[in-house]
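> Straight from Swiss-Prot, here's the annotation block:
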SITE      N9  site 'Discriminates between blocked and unblocked aminoacyl-tRNA'
BINDING   Y14, Y65, N67, N113  tRNA binding site
ACT_SITE  H19  active site, proton acceptor
SITE      D92  site 'Stabilizes the basic form of H active site to accept a proton'
Amino acid sequence: MLLVIGLGNPGKEYQYTRHNVGFIAIEKIVNQYNSSFSTKKKFNCEIAETISDGQKIIFIKPTTYMNLSGKSVISVKTYYNIYPAKIFVIHDDIDLETGRIKFKTGGGNGGHNGLKSIDGVIGNNYNRIRIGVGRPQNNQGVADYVLNHFSKPEYETVMQAIDRITSNFGLILENKLEEFKNKIA
């Protein structure tokens with residue numbers, strides 16, 4: 001069983017912001033598996049489930065704000081008894097140029113409040129799919145930057161990155177994580 005978490009903030013005003021790139025990516029992956037999200041208040045998230053190659057996959061989008069994402073993650077992790085090695089978090093990363101993707105297991109949170117929240121409840125030995133959104137320019141604050149919408153060229157670049165994640169997601173199911181890492185880079 002896998003647990004895949006897309007990080008973002010709830011609400012239409014945040015829908016296509018840089019900070020919601022995790023939501024955008026997970027929605028595309030869920031569509032690929034012909035599944036859809038439904039709200040589960042007891043888990044503080046939207047959840048979608050599917051079975052592929054005999055393996056159950058649980059996808060979640062926390063309905064808390066980013067800095068409380070751990071609340072959703074711990075409730076789903078505990079309910080389904082999922083080990084951190086089977087958890088994959090998709091999130092924005094300002095330390096990567098727009099559209100660049102990196103995959104890693106464990107490590108620090110890089111100041112990302114969603115990851116800080118998750119680390120606080122399950123530790124940091126889970127998998128991360130980091131999608132670059134670039135750094136703020138012209139003295140713009142980080143919070144303002146990540147809560148703003150992509151420009152059209154940025155959005156197109158990010159969607160190409162998300163397409164690489166989606167088209168190679170099956171490698172995660174096959175536990176070919178190194179191959180996944182290389183194909184999405």
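Along the chain as shown, residues are numbered 1 onward.
Cβ from N, Cα, C; glycine included.
Computed from a predicted structure; not experimentally measured.
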> Work through the recorded positions one by one (Y14, H19, Y65, N67) and name whichever has its CA nearest to the CA of D92 (site 'Stabilizes the basic form of H active site to accept a proton').
H19
> I'm trying to understand the geometry here, so how far is the Cα atom of the residue listed as 'active site, proton acceptor' from the Cα atom of N67 (tRNA binding site), in Å to the nearest whole number?
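Roughly 11 Å, rounded to the nearest whole number.
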> In Å, rounded, how far does the Cα of Y65 (tRNA binding site) sit from the Cα of N9 (site 'Discriminates between blocked and unblocked aminoacyl-tRNA')?
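Counting only the Cα atoms, the answer is 5 Å.
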> Tell me the Cβ contacts of N113 (tRNA binding site) under 8 Å, same chain only and six or more apart in sequence, or just say none.
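Residues satisfying the criterion: M66, N67.
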> Pick the one among the recorded positions N9, N67 whose Cβ has the fewest other Cβ atoms within 10 Å in this structure.
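Minimum Cβ neighbour count within 10 Å, taken over the recorded positions N9, N67, occurs at N67.
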> Measure the Cβ-based neighbour count of the residue listed as 'active site, proton acceptor', defined as the other Cβ atoms within 10 Å of its Cβ.
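So the Cβ neighbour count for the residue listed as 'active site, proton acceptor' comes to 25.
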> What same-chain residues, at least 6 away in sequence, bring their CB to under 8 Å of the CB of Y14 (tRNA binding site)?
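Same-chain residues close to Y14 (tRNA binding site) (Cβ under 8 Å, separated by 6 or more) are G8, N20, L147.
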> List, in sequence order, the residues of the same chain other than Y14, Y65, N67, N113 whose Cβ lies within 8 Å of the centroid of the Cβ atoms of the recorded tRNA site.
N9, H19, T64, M66, L68, S69, G114
> Counting across all protein chains shown, how many other Cβ atoms sit within 10 Å of the Cβ of D92 (site 'Stabilizes the basic form of H active site to accept a proton')?
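The Cβ of D92 (site 'Stabilizes the basic form of H active site to accept a proton') has 26 Cβ neighbours within 10 Å.
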> Around Y65 (tRNA binding site), how many other C-beta atoms are within 10 angstroms of its C-beta?
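Around the Cβ of Y65 (tRNA binding site), 16 other Cβ atoms lie within 10 Å.
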> With the tRNA site defined by the record as Y14, Y65, N67, N113, how many Å span the farthest pair of C-alpha atoms?
16
